[in-house]
Structure formats: C-alpha cells, structure tokens
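Reading through the structure tokens given below for one structure.
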Amino acid sequence: MNPSAPSYPMASLYVGDLHPDVTEAMLYEKFSPAGPILSIRVCRDMITRRSLGYAYVNFQQPADAERALDTMNFDVIKGKPVRIMWSQRDPSLRKSGVGNIFIKNLDKSIDNKALYDTFSAFGNILSCKVVCDENGSKGYGFVHFETQEAAERAIEKMNGMLLNDRKVFVGRFKSRKEREAELGARAKEFTNVYIKNFGEDMDDERLKELFGKFGPALSVKVMTDESGKSKGFGFVSFERHEDAQKAVDEMNGKELNGKQIYVGRAQKKVERQTELKRKFEQMKQDRITRYQGVNLYVKNLDDGIDDERLRKEFSPFGTITSAKVMMEGGRSKGFGFVCFSSPEEATKAVTEMNGRIVATKPLYVALAQRKEERQAHLTNQYMQRMASVRAVPNPVINPYQPAPPSGYFMAAIPQTQNRAAYYPPSQIAQLRPSPRWTAQGARPHPFQNMPGAIRPAAPRPPFSTMRPASSQVPRVMSTQRVANTSTQTMGPRPAAAATAATPAVRTVPQYKYAAGVRNPQQHLNAQPQVTMQQPAVHVQGQEPLTASMLASAPPQEQKQMLGERLFPLIQAMHPSLAGKITGMLLEIDNSELLHMLESPESLRSKVDEAVAVLQAHQAKEAAQKAVNSATGVPTV
C-alpha cells in the first residue's frame, strides 16, 4: 500500500477486539517499535470508565502506521488477538457500503485472521471481522475492501465456494434499511404459512389434508421431537401467494380438536425477535408514560404498616390505583409504592405526606424513579460538586473531610487570601461571619445544643484581623490517642496552669474517642499576628438521635448532628472514603438520613451507590494520568 496515499493523511489506526484490561501503556509498549507515536486513546464508557474494547493509535508518519498494520494485525495482547485497521474519521465512507461484502455460512473455526488471509488475495482490505458472541463465531462476517472492483472480484470468485468443507455465500453488503425494505416487500408476497397449537396427534398427512383445499402445496411438515411426537406446530409452503393468504384468512383462530389454532405468515427467527423486541419496547415505554408523575416512592415505613394501612394514609389525596409495601420473608422492607390516578393527586400527596410522622416514623415521600434515573442523578450531582470544587482557586476543605489520619471531619468553608488556609471548625466559626445569622448574634458553637456536649469553660481567644506573615497556617495532626482518660468533665483552667501545660516546642494534638464520638483536642501554631488556641472539648457520649430531637434543633445544627452520627458508621465500612461519602449523603433530606441511621441496609445501599460514583471518577482520573505518563503528550 502506498504510504503517501491521500486516504490516510492522519496515520491513525483503529485497534479493536481489545481485552477489557488493556491500557494505553500496554498499547504504547506494543506499537512503539513500529515508529514514533503521537498519542494513544483507549475508548471507555463515560460513567463506569470500563474499556469499550477498542482504541486509536496515532503515529507521526503514515509509513510507520502501515508497518504496524502489516506486521501486528491479529497479534495477541492479554490472550486476545487484536484487529487493526485504518481509522476512518468520515462515517459516510464506512456506511456507504462501497467495497464492503457480506459472507455467511462460515465454519465455526474461521476467525478474523483466517477470513483476512482468504480474501486479501483480491485487494487491499480496510477492515475484516467475523461476528461473534459469548459462544464464538455466529457464522457470518464482513470484509471491507479499499475499492469496489476488489469487492466485486471477491464476490465473483468466492460466492458458492467451499471454506472448511462448507459452502459459503458471498454478496454485496446491504444496510439494515435495505434489508428491511426487501423483507417487507417479500412479506407481502409470502407463500410459507406457520401453524401452531394443534396438539400432539397431528401428522404431515393430516395437515396436508387440512390445508390442501386452499391450493397446491410444495411441502408440508409437522415438527417433531426425538421420539417422533408432534411439537404442536408446523409449516405449509404453497405455490402461490394467493393460496397462502386465503389459508391464513380462513384458518387463523379456528378450533381444531378443542384448541384454537394460530395460522400466519412464517417468519425468520431474526425477524420474529425484532418484532417481539419492538413490541416489548413499546409496552415498556407505554408503562413508563402511564406511571410518569403518578407513582410515589414511600420510605421509612413502620414495620406494622401493611398495604391497607398505606392505602388508608394516602387515600385522602385522591384515587389510588395501587398501594404496595415491599416484603421479604413476610416482613416489611421499610418502603413501598403508592400509585395515583393523576399527577396532580400525586403532587399533593408528596407535599402533604413527606416528613409526616405515621405510626412512629417520619415518612420520606417522592416521585418514584427507575434505578437508571437514580444512578444518573447521583452521578450528575457528584460531577457538579467536583466541578464547583475545582472552580475555587483557594484551598478548600472538603465537606466532612477527615484530617488524616485522625478521622475528625471539618465543615466545608472556602478560605480567602487574607486568612490562614486551614482552621479548626470552631475557629472558623469565630472568624467567618455567616449570612444565616445577624451581625449582632453570635454564631452557635459547632457542638452547641448537642446532647452530652460540654461547652468549653475557657473564654474564646482573641484574634487579629491583620493579614498573617504567611499565607497559610500549617495544620498538624497525630494518630496518637489519649490513654487512661476517664470520663471526667473538664473545668476552667488557671492561666498559670495553661501556660505551664503548653511547651515552647510545637505540640502534637491527641485524640480520644468516647462512646462513638470524636473528642478532638487541637493546638494551632499560628503566626505572630494571629494568636489562637482551641480549648479541649470533652463529649461524654451521645444519646440516640430521634425525630423529635432533630426537629427541636435549629436548622443549621441538624446536619451537624446527623453528620456526627453518620461518620463513624460509614468509616467502619469505607475508612478511606468516609469523609467524602458523608459529605455526599448529607445533601439528602433529613428524614431519609434519619432512616439510614435506623436501617443499616438502607445506609449500606446508599453508601454503595456513593462509592460507585467515587470509583468511577477516580478511574477516569487514573486513566488520564496513565495516558499522560505513557505518551508524554495530551490525549486526542
């Protein structure tokens, strides 16, 4: 092939049939001996970041790309032979059908390489593929030649020839639209009739007797099993279309031996599957449309609520077509569905019932979503949050991000340039005014109004509004734990004692976990212009969080209370991701978060969804880094 041919100025190769684990680095190692490479890209799913099984390799010189195509096609990478062809960026060239031929009735042993070797004698091949499924070859394939003349030579010489003792059909490639048009035309002039549901006592002679009155038949066959017993269906092939049509019109739906038989046009398996698929998709779409905006998802149900009670609670808002509490082993799973007759009734029910306490629990009520919609919504939410975090130029503390390795999480407060980059939460509360409180009112302490919390006895340290000499105040954490600490209440410390307890050198904070609650004690080494010290706060323990306790707390404290209880549970499942997952879950409605605290299964389900989103994002970043490290240039 001429390397300077105008067909391939980009020197770009398509590499298909890749193993799912093949990466850009592996392809670079494989193809770099052929010549300098500009870039490599393995195409991946946008959500899961899994490989789609093909990649593009861009060489600097067309001659190098041609060398790779000639010498490496069908080479094995991770146990799978790869299929290489020129990259056709113009889809019209691929879809026009010029130079493309179709081969069927192939032996199972013929693979891509054998097909390529067989047809390469007729001209340059752009692509060659045997169609396969999980069981191997499906018995047909395609060969795309560079010119139409080569394709016509292959059809002329190979059609009807034997390949591995099987007579193959070789013909011009036809698009699906062309095939469907031909099939539709043939369907109107059918002569083959399919009959079913006539029982086991039917044979060929009797079937011929039944249908012979409509016209001469070329063949009659009742399908039987290994023992010769009828399978209950058969075929009659007439000479003329008019006779076949008359048989269908008169015999379809008639009773035979007490059974209603079906008589219709015989269809190929692919045609029948296509029609059934179309009907199924239509039914699915109709069902989605019918329940759009009227089906409600109800969560956090009391164990004593059954279908009748659920219907009774929602019946004041309109006509209910169905109400179902999901059960497992005879016990309620804590959620169910209520379907109304109109979207207006469903909207009213959501407005009135969401958050209402029924029996002993507050309900979570929302429009029901399919699993795909929920996952897409969660992924979209996460991507938006990540984009907003990247858009902030200054250091940002992630929502409830643990300060490694202590596990203490901090509120998300963006820093300004005139302030130290990292502060403990209580000092941020002092320094940063919040629009949710008036200038005269002080912002509550993070642990204020929490059961079992003891407020610091020492007064708040003064601070300076002057810009510090350094743009950052370093944050020093430690994994040490305070040993042999009893559950005693801290009282005021004299100034002298406080001075004596603070050494001149930098100190390391120590932590104690009491009854599932973090007890941070931090010392901040500030610059000379900022003099601050975080008093120790000792939390004796936490009472179980109830709906009434949550409702009585100020709105700004509710997420804090929920986060304090969610974080240890999530940390037990995923220690390294606990901070990020907690921040993601805190965007959910409070009543649903309360249900998660009471239901480990519900919490684990939501945590698993969040982990899937995080892993997808991390895989995307890892793939990007792998490309940059392998090629040293940006991906195309």
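Cβ atoms here come from the backbone N, Cα and C positions, even for glycine.
Remember, it's a predicted structure, so these values are computed and weren't measured experimentally.
What Swiss-Prot says about this protein:
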- Met1: N-acetylmethionine (MOD_RES)
- 99-175: domain 'RRM 2' (DOMAIN)
- 166-289: region 'UNR-binding' (REGION)
- 191-268: domain 'RRM 3' (DOMAIN)
- Lys299: N6-methyllysine (MOD_RES)
- Ser315: phosphoserine (MOD_RES)
- Thr319: phosphothreonine (MOD_RES)
- Arg385: omega-N-methylarginine (MOD_RES)
- Arg419: omega-N-methylarginine (MOD_RES)
- Arg436: omega-N-methylarginine (MOD_RES)
- Arg455: omega-N-methylated arginine (MOD_RES)
- Arg460: omega-N-methylated arginine (MOD_RES)
- Arg493: dimethylated arginine (MOD_RES)
- Arg506: omega-N-methylarginine (MOD_RES)
- Lys512: N6-acetyllysine (MOD_RES)
Would you please pick out, from the modified residues Lys299, Arg385, the one with the fewest other Cβ atoms within 10 Å of its Cβ? Arg385
Between the Cα atoms of Lys299 (N6-methyllysine) and Ser315 (phosphoserine), what distance do you get, rounded to the nearest Å? 17
Using a 10 Å cut-off on CB atoms, tell me which of the modified residues Ser315, Thr319 is the least crowded. Thr319
Give me the Cα-Cα distance between the residue listed as 'phosphothreonine' and Arg385 (omega-N-methylarginine), rounded to a whole Å. 40
Residue pair Arg385 (omega-N-methylarginine), the residue listed as 'phosphoserine' - Cα distance, angstrom, rounded: 39
Please report the DSSP secondary structure of the residue listed as 'N6-methyllysine', reduced to three states. strand
Would you mind splitting the domain 'RRM 3' (191-268) into helix, strand and coil residue counts from DSSP? 22 helix, 30 strand, 26 coil
Which whole-number mean pLDDT does the model give the domain 'RRM 3' (191-268)? 90
What three-state class does DSSP give Ser315 (phosphoserine)? helix
